[in-house]
Amino acid sequence: MRMRDNLVSRRATFCEALFCLALVAVFLPVKIYPLVFLLALLGYFWDTPVLLRHYWVWSLGVFTGYASLVFLINLPEEGREATNFLKLPINFCYLYFAVGWLAQRDNTRLLRWVDVTLHLVLGLTLLQLLLYHQVAGFRWLGGAPSSAHGSALYQASHYFWGLDDKNMFGARIALLGFVYVLLPVVQKQKLVWWRIGLVWGLAWLSLSRTPMVALLLGIFCLLWAGTTVRWRVVLGALALLAIPFVAEKVVRVDTLMASNDGMGVRLVYWKAFFQHFTAISPLGNGFMSGGDFLGRYADFYHGEPHIHNTFFNCYLDFGIIGLASYALFLFYFYRFCMEKRKNHGFWWVAFLPLLAILMILYSGYDNDIVLYLILVFLLGSSYPVGVDRLRWRIGI
């Protein structure tokens with residue numbers, strides 16, 4: 001019996017180590033994370049007594065199955081597209097087995113390990129961003145004048161951590177950074193101000209508006225949910241006062257419609273999507289068909305493989321079935337989280353930044369989305385979280 005208990009304990013420790021390793025692997029410049037995900041999901045399967053069944057699982061299965069069918073029917077000649085497609089089943093299988101594993105165990109120790117891992121990950125992220133800015137002579141610490149200038153900061157020759165794409169790296173900072181902010185909320189019912197400052201600083205240094213907007217939304221909603229009516233009035237007043245700064249420095253409204261501005265590009269792509277909606281087959285145009293569609297119908301095209309909106313991208317690639325099954329997956333996953341632990345305030349605060357980013361980025365099956373959903377489920381299901389009265393704390 002003692003030997004069996006030791007085996008179970010070591011197996012759990014091994015799986016927890018793989019869970020943290022998976023968080024680190026997505027930041028490495030050598031793309032080994034698919035192998036780490038596969039190894040980890042085998043460990044979760046080994047350590048899970050009963051496989052998970054829920055509506056979100058079936059919806060995700062329909063999306064994955066239909067996407068695979070569309071891919072096989074229109075099999076691309078280039079190996080690059082096949083490699084890109086592989087991340088869809090790998091990422092979603094990792095999501096399924098990780099959530100099923102987390103849902104049936106005590107995750108107290110794992111939360112501490114995740115906290116340490118995020119310390120390391122965000123610390124190296126800070127070093128990477130500072131290196132980029134040092135090479136640029138620190139001339140953009142106050143913000144980039146345009147999206148193109150921000151993208152120019154990311155020099156491949158100085159890339160050692162994270163991603164060499166401004167928007168994708170910024171989105172990852174926003175999602176994992178918000179998890180970093182939520183950790184003490186879950187564990188100790190406290191808001192730690194320096195964590196918010198660190199994550200906001202990383203988002204600012206990334207020169208990407210995506211993380212800044214998502215973090216502003218998430219942190220504002222967290223503060224709103226965690227304060228009294230009197231403080232909500234103060235928050236509302238501060239939000240109104242901050243509008244000019246946000247409009248000029250974050251949103252950059254003066255260049256919003258420029259052809260070299262990220263948001264201007266998105267608006268042009270979305271206009272093409274609606275104006276030429278009938279050119280999209282109800283069954284989908286095929287995997288990674290965004291480039292061909294935008295090259296044909298957009299007023300200008302900068303070479304992106306997708307349309308900068310998860311839901312538009314799902315319809316463009318996989319049609320009505322893909323869009324409906326993906327939307328149902330998100331809806332039922334949220335319901336599943338609520339059923340696991342009725343932390344109403346926590347769940348809506350945690351899901352809002354993700355939805356905001358999905359509206360302006362991602363293809364729908366990226367590893368950042370998968371990791372965020374897993375981490376949010378880990379946090380929200382581990383403790384009863386009451387965000388209605390949060391205390392501020394200075395320190396670790």
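Heads up, the Cβ atoms here are built off N, Cα and C, so glycines get one too.
Listed ranges 141-159, 369-387; the one TrEMBL annotates as transmembrane segment is 369-387. Distant neighbours of the transmembrane segment (231-247): 216, 220, 223-224, 253; these residues of the same chain sit at least 6 beyond its ends, with a Cβ under 8 Å from one of its Cβ atoms. For the transmembrane segment (268-290), the list of distant contacts is 67, 70-71, 73-74, 76, 81, 84-85, 259, 296-300, 304-309, 312-313, 315-322: same-chain residues at least six beyond its ends, Cβ to Cβ under 8 Å. Two recorded stretches are said to be in contact when at least 3 C-beta pairs lie under 8 angstroms, sequence spacing 6 or more; the transmembrane segment (55-73) and the transmembrane segment (346-363) fall short of this definition. Across the range of the domain 'O-antigen ligase-related' (200-326), the DSSP-based residue counts are 90 helix, 0 strand, 37 coil.
Ranking 12-43, 169-186, 198-225, 310-334, 346-363 by CB pairs under 8 A with the transmembrane segment (369-387) puts 169-186 at the top. Contact between the transmembrane segment (198-225) and the transmembrane segment (346-363) is supported by 3 or more Cβ pairs under 8 Å, counting only residues 6 or more apart in sequence.
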